[in-house]
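**Q** My questions will all concern the structure given below.
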Amino acid sequence: MFQYATILGFSTIAIGLISYSFYFRDLFKGKTRPDPFSWLIWSILAGTIFFAQLSRGGGTGTWATALTAVVCFVIAVVAFFWNKSSIKVIDQVSLVGAFSGIGIWQYTEDPLFTVLIAIGIGILGFIPTFKKAFYRPYEETATTYFLNGLKFAVAFAALGAFNPVTYLYPVSMVLMNTSLTGMIVLRRKFL
């Protein structure tokens with residue numbers, strides 16, 4: 001079992017690096033214009049959830065979450081320098097919510113509650129990117145979101161323990177990434 005989980009864990013890293021390479025390629029070509037707040041929020045949430053997953057025995061299935069936290073932070077930093085968009089109310093609410101998830105976990109000492117809140121906030125954090133991609137689908141890299149959905153599906157299979165703290169985030173990421181991918185593909189087809 002150890003080898004199987006380790007192979008899957010490394011697979012999530014490989015899929016993640018490939019998916020983000022497409023994103024960075026399009027980012028540096030100017031084709032993709034990330035929403036900086038979405039990416040910062042995703043970084044904070046993924047980092048928080050990574051530690052929650054570790055606390056409940058997530059094992060190698062958490063590697064995808066750790067990679068996501070790091071890469072999302074890098075993309076957020078790049079986007080803040082390149083993106084000239086204004087700060088919106090939803091950005092502020094989502095950012096406060098992302099930071100509050102950490103405090104809630106410390107206060108309640110319940111990682112499940114934190115994961116549920118983080119997933120909810122993650123959905124809020126997804127809204128600016130989903131909205132932008134709806135109106136400007138060519139400014140997002142559908143391949144990255146598709147591969148991220150795949151990455152988290154593999155991460156689910158690599159989990160060391162199956163409990164709501166460990167599996168809810170990968171499941172939510174599969175759903176969010178595949179829905180965004182589908183919307184981008186459909187919008188491109190009909191524009």
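In case you wondered, yes, glycine gets a Cβ from its N, Cα and C as well.
Automated prediction, rather than curation, is the source of TrEMBL annotations.
As listed in TrEMBL for this protein:
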TRANSMEM  6-24  transmembrane segment
TRANSMEM  36-55  transmembrane segment
TRANSMEM  61-82  transmembrane segment
TRANSMEM  89-107  transmembrane segment
TRANSMEM  113-130  transmembrane segment
TRANSMEM  142-161  transmembrane segment
**Q** Using a Cβ cut-off of under 8 Å, list the residues of the same chain at least 6 residues beyond the transmembrane segment (142-161) that approach it.
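**A** The answer is 5, 8-9, 11-12, 15-16, 18-20, 22-23, 53, 56-65, 68, 167, 169-171, 173-174, 177-178, 180-181, 184-185, 188.
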**Q** Taking a Cβ cut-off under 8 Å, which residues six or more beyond the ends of the transmembrane segment (6-24) line up next to it in the same chain?
**A** 32, 34, 59-61, 63-64, 67-68, 71, 75, 141, 143-148, 150-152, 154-155, 157-158
**Q** Can you name the far-off residues of the same chain, 6+ from the ends of the transmembrane segment (61-82), with a Cβ under 8 Å from a Cβ of it?
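**A** For the transmembrane segment (61-82), the list is 5, 8-10, 12-13, 15-17, 20, 23, 27, 33-37, 39-40, 42-44, 46-47, 49-50, 53-54, 148, 151-152, 154-160, 166, 169-170, 173.
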